[in-house]
Structure formats: structure tokens, C-alpha cells
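**Student:** Feature table excerpt (TrEMBL):
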- 1-52: domain 'Fibronectin type-III' (DOMAIN)
- 139-228: domain 'Fibronectin type-III' (DOMAIN)
- 232-328: domain 'Fibronectin type-III' (DOMAIN)
- 369-409: region 'Disordered' (REGION)
- 388-485: domain 'Fibronectin type-III' (DOMAIN)
- 395-408: compositional bias 'Low complexity' (COMPBIAS)
- 487-582: domain 'Fibronectin type-III' (DOMAIN)
- 583-680: domain 'Fibronectin type-III' (DOMAIN)
- 681-771: domain 'Fibronectin type-III' (DOMAIN)
- 775-875: domain 'Fibronectin type-III' (DOMAIN)
- 860-870: compositional bias 'Polar residues' (COMPBIAS)
- 860-892: region 'Disordered' (REGION)
- 958-977: region 'Disordered' (REGION)
Amino acid sequence: MEMESFNDCPQNPTYTISDLTPGAVYSLTVAAQSGGRPSAASTPVMEQTEPVPPTNVTFDLVNVTSLVVMWGSAAGVHDGYNLTCTSCEGVQARPLSLSDNHTRHQYDGLIRGEMYNFTIITVSGPKYSQPTEIIQFIDPAPVETITELSVYSRNVSLAWQPPEGVYSHFIVKVTSDSGESMMVKSNSLNVTLVDLTPGTLYNFTVYTVSGNKESVGTGYGPVPTLEEPPGPVSNLTLVATSSTTLQVSWQPPEEPNGVLTSYTLRVRNSADMEWNNNCWSTYGHLYSTTGFNQPSYCHSNSRKHSFSRTRHNKWDDANRHSYYISPSKHNGRNNFYKCPTRDNSWTCQHTKYLSHGYVVEVFAATAPGVGDKESSTESTLQDRPCDAPTDLVVSNTSSTSPDPNTKSVNITWTPPTQPNGDVMYTVYITDSNNITTTINTTTATAHYVVDDLDSFSSYTVAVSAYTVVGYGPESEEVMFVTEEGVPSTSITGLQANLSATAAVLKWTPPSDPNGIIQVYEVHYNDTVDGNYTIVNTTGPEPSIVLEGLEEYWEYMVWIYTYTRMGRGSVYSTPYTLQTEEAVPGPPPISSTIATSRSIAVQWGPPSKYQQNGILQGYYLSYNTTTSGPNILSFSSSVESYTIPDLTPYMNYTLCLWAWNSAGNGSRSCVTDETQQDVPSAPQNLAINEVHPRSITLKWDSPAETNGIILGYTIMYTMEGASDSQEIETTETTGQISDLTAHTGYNIQVAARTVIGQGAKSEPLEATTSIAIPGKPQNVRGTAVNQSAIYVEWEEPQPYPGPTTYAVLVYDAVDDTQRGTFQQFLTTLQAGGMTSLTVLGLKAYNSYYFVIMAMTDAGNTSSDPSAQVTTYPGAPVVDQNVKPQDGSDSTTTTLTVTFTSSMFSEENGPVATYTVFVAEDTENLMDNPSSGHENDTDVLTWYDVRNRDPVPPYQVTEKQQYPFSRGSRSKRQASQSREFVIGEETDCELNREDFCNGPLKPGTTYR
């Protein structure tokens, strides 16, 4: 038993026990200790530690389908192990429980290439350790039966049968006999291998891959790729060894693409497009054919030769080939070749040098055909030319000299057919004086431009070619004439025959024309303003007619001469001439200023080109279309005039002309119009129609319109008025409207133009007629008293003439069926007055009034006035209706009852009432006071309290009448009201106001 103690005393004590045995079961008790004495132990607690996994888990392959899983014994206490294969199938997929002494287990019948996952766990009682996993791939099986699908020069396709078991892809290893090596991945059961070398042996190995495992390789081969034509030869070199020989050498192609069978060598002039012939050789042995030991000709259609050789696997510098080429001349081509000797050199002889050289082409061949061609260009060494240039041609060309009589020619030729080197040329120029100039060219071009030759002159030319070795023969001479120049001297002996507008000129041609004269160029300008003109003759004749000259004008003339090459640089001595006088041209009328009665004219002399001589004076004429011309004469110094006494607004034609010693000149004419003026008065103003409110007029146009009549103004003034009114019109008739009837007017008419209004016509007096009056306006009435109404109105407008009025009176009748309507009562005459008081009307009655206006032309009634009511009158008492005694009388009071039928409302509604009482005796007045406030005879109770008998007195102030007109219309006539007389007891104190004081006991009142 192991015991551990600790001295700490926390609230929640815990303790960790370390270094226990994995998988072991422990009994745990706890005891407290105080003062060195332990307490009793706690109840034991059983706990087991976790087991640990086994160690050194590995595997070992027994064969291609079996493996053994191995492990080391786990530390601590354990009962055994659980082993599981999660990717196995069948029985082997079941978990295995192995005893403690097992440390390995073998699995058989596994699938090749498959991945397996093994898990092992340590078991200790109910406890299990963490699992340990191990993953292993079984070696995949190799492929079988590899076959060729296709074989080409640069690719091979292979296929194979699928291997046993599981696989992910395949790896194909490629090797060749030349040392090539590469690896290619394939995800299918076939592969195409590309970018191979033609004519090469290849071996192939296929590996099956599964996970990180590779099978044993399955080999196939060797497989030869097909041959292709080879690549170009290497290091092709040309060396010129003489003027007739080129040495040619090269090395085999870097890409032979198979077994080389032959080489082909071709030669051509670099300026030609066709090859001349072929030469050939073999590897390790050289052949020759008949005729190659001495010069012979090879034609352009010679056949191509080929040969074969034994197969070699390697090329080196020892296999470099060298040949000598010596073509000979035939129809301008070099076609002959000498076959190579055993020292690998070829020689071809010729007699022609080409500066642009020869093109040599070499190419190898395999069984499929010839390879790429390699070429180079080289020239042989030079010699002197064998023949002369030919076909000399001389043509004129532009000269760089500023002198037009210095010429240049372009000489071209055909080069020698056998130049034998880089040639240049010498040109020999001989003039008409037999002086020869030698010119060496600086280029090999077959042309040359010779400058500084005389124009229009004869020369001969010859050309020879030369190389660095020497000169060849000279060409045949060619004669030529240089291009024309321009004249170097001027014409002489200029003469002129003159008229007013033309000059005939003649002269002698120049002495040195330097060509054929084509035309003369005549220059002339006037000395007045310097106008400059150039004209040409129509041909080489030395004369010309200058036309269209200004009359009486001075000119300066000089002449140039032209050949085909242009104008000579020298002109003739200037010659001065003057044309004859002619009649002048039209003088310009600079301006005309017209008024209504005159036209001011200003002019100037004809232009200097049209004066045509010395002016003597002017003539001015003017006329209308209906009148003859008036002609005025002026000296040459006068240049303005105002023509007076003209008619306004009239077209005039004005003409002006100048004259000189040659006669009257051309006219300048203008048309102008005098301005408008105010017109004269209209004629024959008369009345056409007269109406109460308007007058229609007519008249004739003015005798002198003096312009365009824009319209007329009618002016009229009412009698007694100072201001006139105006009306505008464009006709010769007009109407004055909105006039006052039966009124006199003064009328005039005036016409107007754009200038203004003209004279007025003679006055015309006219009076409008009387009109039917309009309705009288604003008819209104005002009640004066109980029986009279004051009626007034306004005159009808406009004024119709003398007017009288009648007042039509209508009663406003109320009817329950018809409502209120007007009932005619009477007509009252008012004369010329605009008001009238209507008398004899009923009190508190409504009336309407209509006013009739009357003239000699007719009458018109106004609209009815508003309803007007007379003042109310005193209420009318029904004598048959009396107050009745009431039932509540006392010794000092008396109750009476009165009804609504006691008073009639025919004079107006009853507004207030009061009560009068008197002692019933025969000596008293029967008619009591009316009770009006202004009635000074009214007595009060205080006034009669001590009188005997009691006279009539007013009992109370006026009170509101209790029976309204509306209530009476709805109720019966028996409506009544009680009143108590004598009910007030304090009347002794009230001496000024009415008081309903007590009555006398036992007294009769009425």
C-alpha cells in the first residue's frame, strides 16, 4: 500500500497522484490529521487508470497479397488488444480481440494496389486506450501484353492490358540509343509519345502506380521511329580561290533524321532564279562521270543525280566535305561543274566574274527524301572586261545649274556581257569644236548625267568599262543635240500704230534665241495708275494688236521672247505710247436729295478710265412720264444743282452727260420721286343721312393729293361746345355716331398723307333728329306721410330731345292665391319735371311706380320702382267690441278683459297699448286722450286721486301689444288678455310717472 500526505487545508481540497501504472485499479481513501493524530479513513473509492496504446506498430509484407501487422507490448496492466482492418473485406474486415501475449497478426488474400487502414487498441478491463492507426498500400501488379498502336517519325502510340488489382495511373519511361530519356504519365491503358527523334531506336518501360507504390516495370522495344528528310548541313563555307574557281565545304546536318544517303550541291548566278546543275558525292567514297575531266556544257534542264551510302551512326569533323566549283560560260549562265576528287574538292572553270556572286546550295538526303537546303553567296576574283558597253542612249534631263542655257543629259548603256569584276566606267564627251572631255564615274551603275553643256548644241559620246585590273574596249560613239534654252538677247525695232482703244505693234526678233521661238510675251502698263497687263502672241510672228485700251491713255510697253524651254531673261527697251481721244463715258450721279417741291442733284466727272479726253462741260435733263424733257447746261466745274418748282410725289427721270472735243458722251440716268406733302382740302362734303344718334357723310378726294392718301379725319363740334371730336376713316364716306339727339353740329373733313393732315373742307352745319327716349332710370319713391309718397327719377340717357313724363301708380295687392301683384290705379302727368308727389294714398299701403318718358318720336316706360309703403295711421277701433268685466275684481281693483278684435290693423300693425279709466258719470268727456307721449292733456292717477268724479286718466305706460299679426292669423278672434286696474298701492310716491293706483270702492268705472 502506498500512502501520500499533504498539509494544505483548502476549502475544497484536491490532490493529483502521479506516476501510476496505466490500466491498473487503485483503492483510494482519505484521512485527516490534526495535532499529529490521524482521523479515521474515508470509505475506499476504486479507480482505474487509462491504458496506453501498444508501441512500435509496424508491418511487414509477406508476399504480394499478404502482410503482417506487428507491435510492441503496451506498458502497464492490460488484458489484450483489439485489431481492426477498416478497408478489408469479408471475414478479415471483422474486428479481432487478441490476447495479451499476441504482438503480431497476418492478413492474407489482400488486393494488389489497394490501400489498407489498420487500427489497434489496448484493452484493460472496461478501459480502452487511444487507437493507433497505420496505413499501407499493397504493391500494384505490373501491366502485361504491351502492343504498338502506331509508329511515326516523331511519335509512337502504345497500349497494354489492365493489371491485376487496383491502380491510379501509369508511368512510361522512354530511352533511346542516342541517350534520350523521359518519363510520361498516362491515366488510361494507352499513351502517345510525342517529340521523338526520327530514325532513332527507342525502348519503353511501363509502371503501374497506386498511391505511393510503383509496380515492377514491364519493358517493350526497341522500336525504331520512321526516318524524315534531314535538317540543313552545317557550316557551309565558300572561298574564292581564283577568278574562275570557288571552294565549297560543309559538315553533316545536326539533325540527320535517319541514315544519310547522299548530298546534292547546286550553283546559280545570284541574279538568276533557276539553278544551273547538280554535283554529288558519297560518304566514304567519291564517284565521277564521263566528261568531267575536261570542260563541257551543262544545260538548265540537266537531270538531278543521287547516290547511296552505307549507314553511319555518328558525324564528326573528319566527315567535313570540300569541293571546288568552276562553272563555264554558256548563254550567259555558268553551268559546268567538275566532280569532286578523292581529296573532297570540286573545281569549276569559267571566264566570267559576277560582282553579285554565285549562290551555292547544299542539302543532304535520307531514304524519305531530301532535307532542308543551306545556301551561301560568294564572288570569284576579278579580271578586266572582255567587251564594251552597248546600247548607248542619251536623254535630256533637268539641270542643277541656275542658268537656263546650261543643259544636262542622262547617258545610259548596257553593261559588258563579260565584266569580269566590279566595273566602273569612263564617259567621253566631244563638242562641235572637237574638244573631248573625259569623265570617270564613281559608281558601277550603267548611266551617268553630264552637266554644263551648251543649250541647243551637238555632241558625241562614247563609254568604256574598267575594273581594278584594267580597261575594256570602248563603245561606239553616239551623237546627240542638247535641249533648247531661252533667248539671251531681246527684240529690237519696236513700232506702234495707234487708235483710241487699240495699238498695232511690230518688232525684229532677238539675234540669239537659243532655240526655236514659240511666242512673244508683251507687257504693258498704264502710267496713270500702274495697271499691269501681259498678253502673248498667237505664234512666233513678231507683231501683235493690243485691244481694249483706255481712250486718251498713256502706256509703257516691253516684250519678252519664249522658246520651248521658257522665257528669255532679257526684255526689250520700254516703249511709251498714248491712245487717241473718244467721247466721254457716263458721269456718275453721286446723289439725289428730293423734297416735295425740288430735287437736289450732285455728280462728278466720269471715271478716269471713261473721261477719254479733256471734259468741256455737262448737260442735265429732267422730265416726268407725261412731260417733255427740260435740258440745262453747265460748265465742267459745276457738279451740283437743285431743280425747283416740282410737283410733290411725282416720278422724275434725271439724265446727265459730259462732252469733250470728240462729242457728247454717254448718259447717266436715275429716277427719283419728290416727297409727299400734305393734301388739299376734300371736296363736296355733304350729308348723306341724319339720325338721332348719327350723321352719315360723303365727300370727294382732294384735287391735289400730293402723295398717298392714308385716310381722312372727320372733325365735328356740338353746338355751344368748344372742343371738337375726331373720327378716322380710309374711305370717302363716314359716319359720326354716339351723337346727342336734336342737337346741332359743325362738321369738317381733312385728308392726310404720311407728311400729315391737309387743309380742312368748308364747314357743314347739321342737326340730329329727335329720338325715342330710353327708359327713365333710377325710379324711386319715399313715403312722406300716411297718404303721400314723393316719386323721383333720372332722365333717360342719352338725351333724346324735348321730353315729358307721366307717373303710372300701381297698388301692391296681397292675395293668398296670387301672392303680391301690381294693380293699376292712375296716371299722373309730370310735364318736363323728374319728380312728383303722389297724394291721396292709403295709410300703411304699398305702391309701385312706373315712369313713362315721351318725345315726338315715341315713348318708353321705365322698369317698376321698388315697393314703397305709406306711414302707418292710428289704429281703427271697432265700436262694437267693448272690454268685458273680469271675475277677479276687488274693492280697489277692477279686472277687465279685452280681445284682439278690438282694434283693426288696416292703418298698420298695432305696436303698443295703454289703459284709460274714468268714473262712469254723464258729466265726463267720452273721448279720452290718445295716450301719445306728446299729448300734454294726459292725466295720471296722481293727478285725479282727489277728484270726484274721477276724470279719465292713463293707468300705465305704453306696453307691447300682445296680439301679433302672425298670432292672429293662426288663432280665433276670441283671443283675449286680462288687465287688473288699481293693483299698485304706492302711487302716492310717484308723482311724475304713470301709476296703476287703487280705485275707489263701490264706484262704477268705464
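The backbone N, Cα and C atoms fix where each Cβ goes, and this holds for glycine too.
The structure displayed is predicted, hence computed values, not measured ones.
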**Student:** Other than its close neighbours in sequence, what residues sit by the compositional bias 'Low complexity' (395-408), given a CB gap under 8 Å and a spacing of at least six beyond its ends?
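**Tutor:** For the compositional bias 'Low complexity' (395-408), the sequence-distant neighbours (Cβ-Cβ under 8 Å, at least 6 residues beyond its ends) are 449-455, 482-483, 485-486, 488, 514, 565-566, 569.
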**Student:** What is the number of residues in the region 'Disordered' (369-409) that are helix, strand and coil, as DSSP sees it?
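**Tutor:** Tallying H, G and I as helix, E and B as strand, the rest coil: 0 helix, 19 strand, 22 coil.
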**Student:** Over the domain 'Fibronectin type-III' (487-582), what does the predicted model average in pLDDT?
**Tutor:** 92
**Student:** By DSSP, how many residues in the domain 'Fibronectin type-III' (775-875) are helix, how many strand, and how many coil?
**Tutor:** 0 helix, 58 strand, 43 coil
**Student:** Could you give the number of helix, strand and coil residues in the domain 'Fibronectin type-III' (487-582) as assigned by DSSP?
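**Tutor:** Going through the domain 'Fibronectin type-III' (487-582) residue by residue, I get 0 helix, 48 strand, 48 coil.
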